[in-house]
Every structure is written in structure tokens, then in C-alpha cells.
Amino acid sequence: MGSNLSPQLCLMPFILGLLSGGVTTTPWSLARPQGSCSLEGVEIKGGSFRLLQEGQALEYVCPSGFYPYPVQTRTCRSTGSWSTLKTQDQKTVRKAECRAIHCPRPHDFENGEYWPRSPYYNVSDEISFHCYDGYTLRGSANRTCQVNGRWSGQTAICDNGAGYCSNPGIPIGTRKVGSQYRLEDSVTYHCSRGLTLRGSQRRTCQEGGSWSGTEPSCQDSFMYDTPQEVAEAFLSSLTETIEGVDAEDGHGPGEQQKRKIVLDPSGSMNIYLVLDGSDSIGASNFTGAKKCLVNLIEKVASYGVKPRYGLVTYATYPKIWVKVSDPDSSNADWVTKQLNEINYEDHKLKSGTNTKKALQAVYSMMSWPDDVPPEGWNRTRHVIILMTDGLHNMGGDPITVIDEIRDLLYIGKDHKNPREDYLDVYVFGVGPLVNQVNINALASKKDNEQHVFKVKDMENLEDVFYQMIDESQSLSLCGMVWEHRKGTDYHKQPWQAKISVIRPSKGHESCMGAVVSEYFVLTAAHCFTVDDKEHSIKVSVGGEKRDLEIEVVLFHPNYNINGKKEAGIPEFYDYDVALIKLKNKLKYGQTIRPICLPCTEGTTRALRLPPTTTCQQQKEELLPAQDIKALFVSEEEKKLTRKEVYIKNGDKKGSCERDAQYAPGYDKVKDISEVVTPRFLCTGGVSPYADPNTCRGDSGGPLIVHKRSRFIQVGVISWGVVDVCKNQKRQKQVPAHARDFHINLFQVLPWLKEKLQDEDLGFL
């Protein structure tokens, strides 16, 4: 850096149904029920409780590894007493207690043995399976009892291949009736008293050797799906649906392709989001679910996917906010706007729970007038995301509408072509009050897929959302981040690189940079001198402590910090950009990902622009002639933070650039364009807002435009007029002429394109 100036070293869609199971929590010590039920004597030994539904119900809460016995929830009855504590065999218990979670034992295991045998298994206990001679083991040979009361792995099955269909197995905890696996033979499953069956109770051997329905399991009330389980199961199922759509267009998507498919806007896939807004949900949970859906739609769109959306909320009556037939129903921005305008109070006056009516609204969007099906109706796949606690209290059984929808779409009528792939109904429930029987009845049941989910709380559902959208096949997409509450600095800024140059007897230089490909980091040229050796340059990414080996530093050929000394300009920062080439290829992950560069195919997709978009059109989108909201990343007290600034690219541009004369060494420059060339972008000042300024260690870092949930680098931080961090701390009060200047990447594109030509960035 210069000595006088202050250069600043600085699918496929993934859809999620989000809904609370009617939980409005209140610490028991702070509130009493609004009803007449006393809190005296309701305590649980070894745990605590919290009130739900404004005190009309309560939930017992136990430490991890324990469950509430004999029940998880109690309701306040009209008699003024809490519901009785009864065991699964209807015996009355005087006081609730927390008991250790056990995993169920296998009731039966066909054609093999398991060990050890026990009436129950504690958390972390293991069980092993092996088959008799002549039988082959499918599934997991070893399984571990998990903290949620479920076994790890897959159902162990011993099969000799003699049946037309393979042995469907006996999931641990279930009982199976039927041992013949010929074509059209059926088996049925049952659970012990007090447990709820999830999945298919009856499965039939179908033509082709597959079983109808989905594998069953027996659920206790305290059991929840973990975020990881939900993310993996839902993503796997939905990806199958997307790949089916793509295959009909003659494509065979690879792992990378299937997340870049732009579906036919005429309706290759319709997605119906159905949100329960009834009284049992509560305003805060409704708002939280709505916010998550907004983020979800944004994320789906950020992958370049364009399904048509239908959007329904309901209580006593449904309200259709978006129809799949609306001209803009595949426009994520428009759909998001409609969702943002929905209020929980829209259903306040009639707040029953009529799930049947809501599904009838979906049916009306699927159906066609005059019973004349439109062209291509039989190629459109339909995905319903139903967000409900399953506690419908009016309107009748909603499963009848699912049957009508199946009939409309001609599903299950022809055994040779059952068309099951053309309808997927996913049901999500959150919290302890979910009716597991009802939500299981509504969900689709497909072999090797899961369509019904129950998670513990909204926080867990948020985890599901982030785990699903951030799976490994999207890691190479530029400008993506993991904006999760548990995310580290580098989850939220995965492109950020820290650069240090060690100079013997001269100390060290600190800079920032941005990962732009698997081999390159983009930074400022002034961070280095001609005497710096590669071994003295340290680069770290992803918050890792190890330094990356450097192969070479590539400077822009027109950069020359001493280029105008004879003209009385001590330091000249035009073309202040450099690329650091790494010796070894970066391994992308959640904390190491590339930022988007202008005029690349990746940025076209990120901005959701047509494939024919030109570089000039990208520039107009990212850098219009006005004040442009942008950000940079700074390190304060060893923590990365985003700083919001405005690029002055409109009527304030001239005054911003003129303030460069206040920089040390530039006070005698008569023509400011001698130092502020067309290659610079200007931020800082107090209008339209007081912008934060960069510090010395920020130099070389990216100036970023955040648009449509993606981050696009438009500049490289170069130099500033005022050193606002003289005493290792950013000053709060700075003069209005405190400006920062950044190299405009649109102005150095030929050089970037030349040096990054082998990085598969798809420059336009």
C-alpha cells in the first residue's frame, strides 16, 4: 500500500412446507391458563412443562435422551381439570415423570437372527443382523439406538429372491401379516397399542416387482424426525419428481444438471403451497412459517427453477392468493410479494380448521372447465405442500379430496400405467399437538420415499430448510451462502479470503480477497510489491488455520503505483487488481464457495435473466445510473461483518469523486480524473445515508451487490480518502468527505476473461 494515502487493505426445486403444530409457548412460571385449570400438581418429575394454545394445553419437556411418561401433552377440560394421566394400556398414573428413551425390539425377523436380544434397548446400544444360508442381507447389518428412540440405518431384510417381489421386510417395532410375495399378493402391518403407524398399512406386490405404498414405521408421540432425516428424505423424493419431468423432455440430467433445469413455464410442474391459518396455529407461528416460505421461494428461484405456484391459506374458509393460471405464477418475485401481503388476521373472524375446503381450492386450480382437458394436462406433475397440524374440526374428511384429485389426474386407474409420479402430497407438522394419524392419511405413499414429516419445533424446521437447500450438488454455484442462525462467519461469507504478506524486517501486510474459482482468489494489486516471494504470501479461506500454497500472483499489466510520480501524484491506483493462483485445487464446501463475477453465465442464472442476456444488460442490472445498495465485508474483533454502503453511480457520482482531493498527496491535483479514472466506483459520505468506511485490512476484498438471494462482486476495494481506523478501531464520527474507491470489475473484464479462461466460468 502507499505511505501517504489510505488504501483500504481490506431439482430441481427444493420445496419446504412450513407450519407450526399449533404451539404458542409460554414459560409455566410466567403465566396461567386463560381457562380455569390450575397449575398445581401438574409438574413432571425430572423435567418441566410449557403452556400451549394460550393455556388450554400443556406440553411436558424432558432432557435429551428422556421422554415424558405417560403422555407428552395434556388439555384443559371444560370441567376445570387437566386430562388424566393414562398409560397406553389405560392405567391411571398420579404423577408424570421423565423416563429414559428406549428403542423398540424387533417383534420378528424372518430368515435370520439378530443379536443381542433384549426386551428393550438403551440409547447407543447396537444390534446386529445376519441371514441363514441361502439368504442375502439387504439393508443395514448393524444398527444403533438413537437419542430420538429410532434405530439408525435401514431395515434389515433376509431374502432368497424366490418371490415375484422382494421381501418387503419387517421394520423394527412393527408386526407383519403375510409371507407370500407373488404378483398381487399383499402384506399388512400393525403397531403395538399406543403407537401410531406411519406409512402404508397395506402393501401390494405390483407388476415390475415393486411394492405399492411406502415402508411403515411405528411412532410414539415423543418421536420427531430430525432435521437431517427430513432434509434427506424430502430432497430425495422431490428430486425424483423433478428428474421425471426432465426425462419427458428428452433430457437425462446428471447430478449437476438436475439443479439447473428451468422447467417449462407452460406447466411441467405445478407446486401448491397450502398454509393453515386457523386459531390453533397462532400469529407468531403463522408469521414465522410465512417468512420461511418467502425465503424458500427465493432459494428455489435462485437455482434457476421456474415451477408455477399456487398459494392457499385457510381456516374456516380457504383464500386463494395465487393461482397456477395467473400469468406471473412462475415469477418468484411476484409470488413472494403476494405471500408477504398475507396477514394472519385475514382468517381471524372465522378461525376454524377446514382442511377439506383448502384442498378443494387446490382441486379447483387443477381442474379444467367444461371437462375438456387442456393440451399437455397428462404431462404436468403436481406437488402439494400441506402445512397443517392435522387437527381439522369442520368440513369433513379431507382425504376424500385427495381421492378426487387422484381421480382427476387419472392416477391409480391403470395398473400398467398408474401415473403415481404425477402427484406428490407432502405434509409437514411441527410440535407436540400434531395428529399423526391424520397427516399420515393425507400424505403420498411411494416406495423408498417419505412424504409425511413431524419435527419438534420451528427451529428444527428451519434447520431442515437450510440442510435441504445446501446439499452438496449446489456447492459450485456462485454467490450462494448459508444464512443460518448456527452459521459461522464463513458460512455467511464463504468466498472471503484472508491474505497476509510477510516481509522480513518490515512487518507484514494484511489484505482481503474473494474466491472466484477453484484455483483463483481475486484481490488488490497494491497488497504486494515486486519483491514479495510466493512463499511469503499466506492465504486462508473458510476460516481454516492452514495456509494455502501460492503458485503465482498475476497483476493487471496496466497497474503501476508509481506511474504518475513525475506528475506530482505519489501513488496511482488505476487497475489495482491481482489474481492469486493457488497450487492446489480448492475443495468447495459450506464455508468455501465462489462469489459471482460480472458477465458470466453463473451471474446470468443468479440474476434469473434469460440465457441470451448480454454483458451490457448485466451491467445495467447491477450498476444502473443511480445510488446502488452494496456491501463489503470487514473484520472487527476477529469477526467478519457485512457493511452496507451505496455506490454513487447517479447524480452524486461527481461529488463523491471530487472528494478524492482530500486524500493525503492529492490536495494539489487540479484535475481529479487524473487519480479517479473511469475504472473506479465510489462509496462513502453521508448521502443518501452515512456509509461506513473501509479499513486498511479490508483492501482487496469484494464490493458486492446482493440481489435475488445471490452475491455478485462488482468491485475490488482499493483505497480511501480518510483512515477511519487509526487506532485499530473504526471511528464512529467521520467527515462527510470520507470516501472509498473500488476497481470496477466491468472495466477489467478482458483481463479477467484471459486469466480465468480455463476456470469454466462461462464469460459472456
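Just so you know, glycine gets a Cβ as well, placed from its N, Cα and C.
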Query: Going by Swiss-Prot, which one of Cys656, Cys725 is joined to Cys695 by a disulfide bond?
result: Cys725
Message: What does Swiss-Prot give as the disulfide partner of Cys62, choosing from Cys37, Cys98, Cys103?
response: Cys98
- prompt: If Swiss-Prot gives Ser278, Ser280 as binding Mg(2+), which of Thr214, Thr226, Thr336, Thr353 does it give for that site as well?
  reply: Thr353
- request: Between Cys615, Cys682, work out which one Swiss-Prot annotates as bonded to Cys656 by a disulfide.
  value: Cys682
Candidates Cys218, Cys292, Cys478 - disulfide partner of Cys596 as recorded in Swiss-Prot: Cys478
Task: Check Swiss-Prot and name the cysteine among Cys145, Cys158, Cys165 that pairs with Cys103 in a disulfide.
output: Cys145
Query: Per DSSP, to which secondary structure element type does Cys656 (disulfide bond) belong, with helix, strand and coil as the options?
result: helix
- line: Rounded to a whole number of Å, the separation of the Cα atoms of Cys725 (disulfide bond) and Cys511 (disulfide bond) comes to 15
Field: Where Cys218 (disulfide bond) sits in the secondary structure, as DSSP reduces it to three classes
entry: strand
Task: With a 10 Å radius around each C-beta, find which of these disulfide-bonded residues (Cys103, Cys131, Cys695) has the fewest other C-beta atoms nearby.
output: Cys131
- prompt: In Å, rounded, how far does the Cα of Cys478 (disulfide bond) sit from the Cα of Cys131 (disulfide bond)?
  reply: 48
- prompt: DSSP helix, strand and coil counts for the domain 'Sushi 2' (101-160)?
  reply: 0 helix, 25 strand, 35 coil
Message: Using a 10 Å radius around each Cβ and all protein chains in view, which of these disulfide-bonded residues has the most neighbours: Cys165, Cys218, Cys511, Cys682?
response: Cys511
